[in-house]
Amino acid sequence: LLVSVRRVAPRFSIPPSNHEVMPGGSVNLTCVAVGAPMPYVKWMAGVEELTKEDEMPVGRNVLELNNIMQSANYTCVAISSLGMIEATAQITVKALPKPPTEPLVTETTATSVTLTWDSGNSDPISYYVIQYKPKSLEGQFQEVDGVATTRYSIGGLSPFSEYEFQVIAVNNIGRGPPSELVEARTGEQAPSSPPLKVQARMLSASTMLVRWEQPEEPNGQIRGYRVYYTTDPHLPLSMWQKHNTDDSHFTTVGSLITGTTYSIRVLAFTSVGDGPPSDIIQVKTQQGVPAQPADFQAEAESDTRILLTWLPTSQERITKYELLYWEGEDGTQV
């Protein structure tokens, strides 16, 4: 009796598949090969034999991997008298992204800062998160989420203020650690609020002292102040008299008209421009000492009556006159 036996070279009916795992994760790699005769199946990692030769199973071999901490390739080898075949499975350990490079400040305005950075990662990044806060404040950062590029302008910042910025890369696993902090100061702007606590008082009949405090929102370095004053507050501010001063918080204004009410406003200015003026305050100058009456004359009307005449001083509110006279040759005052 002649029996014919079919001989078939080995092939994989279930080749090993690639897997992605979290750090410390586990996975089972299954490899099934068929042929006639049935092949032996073993696992290798590079040149390292993972299956002992005397324990090599026929047809099917499952490799159990636990506490996986790094990516690696594992090769399934099927061997029979008709040949040897192999297939490789790639195990990729998922990892959080590395921090981006330290951001660079490429542009600043009074209310915005533009940052650029490099990914710092060879693997794909889903997006970036920019965190920022005023340097002077402790606490949590504000965030700009979902940034798809490596250049971004953060707006809505306060003028002439220092901020801290950092960038975080995000992949399909989650957020990585933040980049190095970078600091930037926004540019100047004209003050957005007037000087505070404006006060005025008279130092003399024609000189007043005006005091104030710095605006709540200076938006830059205050270069000085402008003191506006007028006797007619209904005039536009451009027609008021103006007295400029440096960055001190008081000044004196002289050559005022006595007995007159003045309206006063103060504004601050930076290198960019003027801020808004303060609300109107009013001060009244003191009544000055009247000048000497002019053209004083005396005329005898009778033996017992003398008529005295003079011209009043101009622009002064005289309440009364005092008359002094002497009788007799010895000059006795009456």
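Cβ atoms are placed via backbone N, Cα and C, with glycine included.
Automated prediction, rather than curation, is the source of TrEMBL annotations.
The domain 'Ig-like' annotation in TrEMBL covers 10-92. What TrEMBL lists as domain 'Fibronectin type-III' is 99-189, 194-288, 292-334.
DSSP labels the residues of the domain 'Fibronectin type-III' (194-288) in these numbers: 3 helix, 43 strand, 49 coil. Residue counts for the domain 'Fibronectin type-III' (99-189) under DSSP, split into helix (H, G, I), strand (E, B) and coil, are 0 helix, 44 strand, 47 coil.
When averaged over the domain 'Fibronectin type-III' (99-189), pLDDT in the model lands at 95.
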